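> These came from Swiss-Prot, pasted as-is:
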BINDING   S112, L113, L114, P115  (6S)-5,6,7,8-tetrahydrofolate binding site
Amino acid sequence: MKIGYFGTPEHSAKLLKALIDSTLAEVLFVVTNPDRPKGRNKKTEAGPVKKTALEHHIPVFQYESIKREKEKALSDFGSFPADLYVVFAYGSILPKEVYECPPLSSINLHGSLLPDLRGASPVQTALWKGYSASGITIQYIGEKMDEGDILLSQKIDIIPEDNTETLMNKITDAGTESILRLLKAYDGKPFPAIPQNHAKATYCGKIKSEDRILDWSLGAEELHNRIRALYPDAIATTRFREKRIGILKTKLSSLSIESNPEPGKLKRLDKKGLLTQCGDGRFLEILELQPENKNRMSASDFLNGFRIQEGETFG
């Protein structure tokens, strides 16, 4: 099957590579976001999907706004008679004229069990809300975001140690396997699909900068879920000795709940462990953190370097 591929980040590049390597598909062209400045030097750099495409000599198209530039895009794609467009984390909404262009239309890999968690942050939101399971959905692209008919879906278990990085790995693996299975089953007819139950739809928005700031008056489990939802793309932060510090990895402590909690209070756990008290009286064990202008470090390295004093707090 001849495919046009739309995607941008690392996980999308993994799916692209699987399609390139498969005998089931021929990737005719790739559409990805424009190159952006990255790193401390702000050097303009191609994204992972573009790099993968160029390594395999596949034509690449980039648009600042595919909605505003749809006529150019349609002209560009006209030289490549794709049967199907596959979309995974492209970063922009496709105009109707684009997604209806190929004979088999366009499909999207979404990181939740639709109609639950339609929107921009399904993976982060599933973790933030403390879900024990989520999944993937392959859907036709329609006029409204994530409301298209469903071709395939698969449940994925979430463990307490998962964060956005590990859950995205699971989603990418499951989504890749599902799309390859779909292509293998193709019999020359349009892919069968079922409508979503719109009455059961839930939604999630983009992560905001203020979402990163930890409020230690909240409960320990809620804070733990927020920290793992934000890692690694938007690190959770707090304040310590008038400087910002990133909290990268935590776990819930089994220490006894205190009836008169002091939210943000720091407590040593033997010589290597660091605990922070939360608003519900429970403690959150800090496993990895990153002080401002320093490299990430373990809790034991933080304790050795900063000499925590009795009564000091995060917040």
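Every residue gets a Cβ built from N, Cα and C, even glycine.
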> Can you give me the same-chain residues 6 or more apart in sequence from S112 ((6S)-5,6,7,8-tetrahydrofolate binding site) with a CB-CB distance under 8 Å?
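Residues satisfying the criterion: R118, P122, V123, A126, S134, G135, I136, T137.
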> Beyond the listed site residues S112, L113, L114, P115, identify every same-chain residue whose Cβ lies within 8 Å of the center of their Cβ atoms for the (6S)-5,6,7,8-tetrahydrofolate site.
H110, D116, L117, R118, P122, G135, T137, D146, S153, Q196
> So if I draw a 10 Å sphere around the Cβ of P115 ((6S)-5,6,7,8-tetrahydrofolate binding site), how many other Cβ atoms end up inside it?
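Here the count is 20.
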> What's the most sparsely packed of the binding-site residues L113, L114, counting other C-beta atoms within 10 A?
L113
